[in-house]
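Below: the structure, in structure tokens.
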Amino acid sequence: MSENAAAQPTKKSWPEIDFKTLGPAIALLILCIIGYSLNSAFLSEGNVTNLLTRSAFIGIIAIGATFVITAGGIDLSVGSMAAVIAGLMIIIMNNAVDTFGSGVATVLIGCGCSIILGIGAGWINGVLTTKGKIEAFIVTLGTMGIYRSLVTYFADGGTLSLDFAIRGTYRPVYYESFFGLPIPVWVFIAVSIVGWVLLNRTAFGRFCTAIGSSEAVAKYSAINVDRIKTYTYIIQGLCVALATIIYVPRLGSASGSTGVLWELEAIAAVIIGGTVLKGGYGRIGGTILGALILTTIGNILNFTDLISNYLNGTMQGLIIIIAVWLQRGSWGKNKKTKT
Amino acid sequence: MNLTKTMLSLAVGGAIALSSSAFADDKIKIGVSYPTPTHAWAAGMNWHAEQAEKRLEALYPDVDLILVNSPDPSAQASALEDLVSVSQIDALVVLPFESEPLTDPVLNVKKSGALITVVDRGLSQPGIEDIYVAGNNPELGRVSAQYMKGRLSDGDNIVILRGIPTTIDNERFDAFMAEIEGSGINVLDHKHANWNRDDGFEVMQDFLSRFPDIDAVWAQDDDIAIGVVAALEQAGRTGDGMFVVGGAGMKETIKSIADGNELQPVDVLYPPAMIATAMDVTVAAFKSNGPVAGRYILGATLITQENAMQFYFPDSPF
């Protein structure tokens, strides 16, 4: 009894939690059944691998977004940040070819710079939000515009392309498999595990949840709110950098249209997964499912010509709303009041 | 002011060439307005506009070309007002952001007496422009389909990756389908890839999982084609005479066609350099003794290994 009471304030009641966990999983299962019934090739090894690899970009970014949103923030700049990091990585690697050759060293320099840039960009968002006392929505709306126009500027309005010699060295990072799974999927799995441990098994994770629930209470509980919030944006930046590192070898190019609307996809994945948009409750597992659901919708729409191409957005919108309704619907709450 | 009024009556009368004498001792100011380049094709257009400016101003010292780009339709409308009030232009070359919101602003420029040249995207009212220069979207679709018919035979399968749902995309697609009809070539499906490399890659991956037998791909655009080729290479389905037809005329694509690329052996031209054509024709309205008013619809040339180098501009961003 006393244990139950202690769990109450942070996690509400158990039966509903179970249901929340199942909501996105049920949605994904239904989608897979629909996909398979439309075309059995949906569950072919090739398509499943494509799906997982594609989910990796949005998934990794969304794991970072889970921290930001759990702590009551929001980051709209991730899509543009990915584009500008991709652009700078390409410029840096192209310039490093002359001195370091087209081998692994150049690729490692590119990846290192990507991580530094990601952490730096996240830190800027964090400091402007906490020390600058500007709403996260406005800060990241601003940096979103800045990064987007910077990549257009670096590319001179066109497309930045990776040197062909480096492409050969770097290409396997996206296309090669390791124990049957493509490397981006392994990165996604690793980031997921680290993210889950960080959010659920460390003081940092509890601080994020506490700040998201009530910043004032967290402050009076001697939590360094500004520092923790800045860390969430830095984690977000790091996740964007990792996603970019596996994105660049795919097509070896970046332009003004790279990563457009990724921020909304990442936020949608987080919310579909059960994290609360206004903060205070976050779920890494749900976020992973959310990212898979979003990619699966696009995949299924490509597998059928039953639905007009012009209605793709409608289908995506409907499925996002239904997936969230599955876990928030009043039928879940009725159960709770009865028990 | 009197000069511009004279100009107005002359321009409306269609005797534009005559007006050149009236400006003999004054600089001929020509405003060139187009959207801020945010994608590769527009960046190419920007580059060609700058090249044409240098070339024409060197050729005619009394011609002053003023290039202005605008990030959205209302900014472009303001830019047009400034060109009239501040620069007092004698002619305007405009690639409208969108047809509807810019029809009135262009009409106002015309009322100031300037000669109007519209590029690529028509205005929503006929008769405003004196000169119209555009690529040919239906022709792009038709030429692509004709090439497909030449390479494929009855019962072969193709897939189509379309652009962003717009009139341009519809014109290209409808003309392609009209030409391919009755040839026995099966169009398995068509999806929008938004003139974007990433979307091209993902849509093509899904087509490859869904259809075991694809003989050719119409990617409509060179950016989409890059994604398509990456997906084909990943799936190892580049052999058996598989080929991809893009469009627009990206320099890398043209270079690889010149080098004899078998996977992407041709390209269909929709040139960003059309802005330079429009500037040439507009300057000719003041300099040439021949009449120039009218509609110039550029051909959708099929670029092959033989003629590729004449469309190759290595310094252009596109």
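The backbone N, Cα and C atoms fix where each Cβ goes, glycine too.
TrEMBL annotations: computationally assigned, not manually curated.
Taken from TrEMBL, the feature transmembrane segment applies to A:21-39, A:51-69, A:103-124, A:136-155, A:175-199, A:230-248, A:260-277, A:284-301, A:307-326.
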Please give the sequence-distant neighbours of the transmembrane segment (A:21-39): residues at least 6 beyond its ends with Cβ less than 8 Å from one of its Cβ atoms.
-> 272-274, 283, 285-286, 289-290, 292-293, 296-297, 299-300, 303-304, 306, 319, 322-323, 326-327
Who are the long-range neighbours of the transmembrane segment (A:260-277) in its own chain, taking Cβ under 8 Å and residues 6 or more past its ends?
-> 20-21, 23-24, 27, 57-59, 61-62, 64-66, 69-70, 74-80, 82-83, 144, 212, 283, 285-291, 293-294, 320, 323-324, 327
Best-packed against the transmembrane segment (A:307-326), counting Cβ pairs under 8 Å over A:103-124, A:136-155, A:230-248, A:284-301, is stretch A:284-301
Are there three or more C-beta pairs under 8 angstroms joining the transmembrane segment (A:103-124) and the transmembrane segment (A:230-248), sequence spacing 6 or more?
-> yes
In contact by Cβ distance (the transmembrane segment (A:136-155), the transmembrane segment (A:175-199); 3 or more pairs under 8 Å) | no
